[in-house]
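**Q** The structure is given below, and queries will be raised subsequently.
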Amino acid sequence: MQRPTYGQSPPLHHPVPQHVSTVPQLRSPPPPTAQPQSHGYDGSPYPQQQQQAPQGGNMFGQYGNFMNDPTAQIATQFGQTAFRQGQDYLEKNVNRFVNVSALKHYFNVTNSYVINKLFLVLFPWRHKPWTRRQASDSGAGSGQEAWFYLPPRDDINSPDMYIPVMSIVTYVFLRTLIAGLRGEFKPELFGVVATTAVVLVGLEILALTIGCYLLSISNKSQLLDLVAYSGYKFVGVIVTIVISEIFNGGKGTGGWVGWTLFVYTFLANSLFLMRSLKYVLLPENNNTNQGPMQTMHPLDSRAKRSQRTQFLFAYSYPVQALLMWVLCRP
C-alpha cells in the first residue's frame, strides 16, 4: 500500500535582519609599561600623586588669611589688652600681702645650686665661709650705694624657697606612697599629711617671729628668710624615711637604722641652721650700716646678745628635734 503523495512544500526562508548592529571588537589590553619604583614609606609599586602646593605660599588655603582680617586683629588686640590689665590688677592686689618682686629673688636658682645646697644641708660639717655675699648698686638715685644680697644662683649661702617647697611636696607624696604600699592608703591622706606639714611650719614661723620681736631683731628680709630656712628640715626627714623604709623592710623609722639616720640628719640640720641664721638673729656690731641688714646697735648690752644666742640655740636644737620627730613618725 502506497502513501498518498502530497504537494511539494514551499522552501524555507530565514529572516533577514532589518537593522544592522555593530559589535565592538574586543582587544587585549596593552602590556604594562615599566614604572620607576617609588621610594615611599609603604613600598607601593603604584605611582604616587604629588600634591601641588597652593599658589602664593599659603599652606592653609582660604583660611590662611584669617589673621589678616581686620576683625581678627581687633579681637587679638582686645585680648592682649585685657590680659595685660588683669595681670596688673593681680600684681597690685597680691603686692598688698606678699612682695612679689622680693619673692622672685628666692626662686632664682640653678641646677648646680640645688645640688650643692642639698649637699650642704646634709653635710655641713666642713663648709666655710657661712657669710652671705653682698653687692652694691652705685647707680642709686639717692647718691648712696645701695647694698643687696646676691640671689641664690650666685651665692650658696643664700636661702631659697625652691628646695623647701619641693621638699614639702615630696614629703606629702612620699607619705601617701608608703601608706599605699602598706595597704593603708585613703584619698583624704593627702590632705591630712599636707595640713600637718603646713601647720607645723606655720607654728614654727610664728614662734620665730614672736621671738625676733621680743629680742628686737629685724631686717628687711627677715620673714621670708625665716620661711625659707624653716623648710630645709624636710630634706633630712625625707632621707630618714626613705632609707629607714628600705633597711627596715617597710616597718617605719624604728630600729637602730632609723634612729641613727634621724640623729644624723637632725644634727646636720641643726648645725646648718646655727651657722646660717647667725646673720639674722646675731647681727654684728657695725657702725658703718653697710649692707641690707640692720646691725646691732653699739649700746646693746651683752645680756641681750646672750639672749639672742640662747634663742638661736633653742630653735636650732630642741625645737628642730621635736618637729623632725613628729614628721618622721610612721
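Note: Cβ is positioned from N, Cα and C throughout, glycine not excepted.
Residues or ranges marked as region 'Disordered' in TrEMBL: 1-65. Taken from TrEMBL, the feature compositional bias 'Low complexity' covers 45-55. Taken from TrEMBL, the feature transmembrane segment covers 161-183, 189-214, 226-244, 256-274, 311-327.
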**Q** May I ask you to check whether the transmembrane segment (161-183) and the transmembrane segment (226-244) make contact, with contact taken as at least three Cβ pairs under 8 Å and only pairs 6 or more apart in sequence counted?
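**A** These two segments touch.
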**Q** Which stretch, 189-214, 256-274, 311-327, tops the Cβ pairs under 8 Å count with the transmembrane segment (226-244)?
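**A** Ranking 189-214, 256-274, 311-327 by Cβ pairs under 8 Å to the transmembrane segment (226-244) puts 256-274 first.
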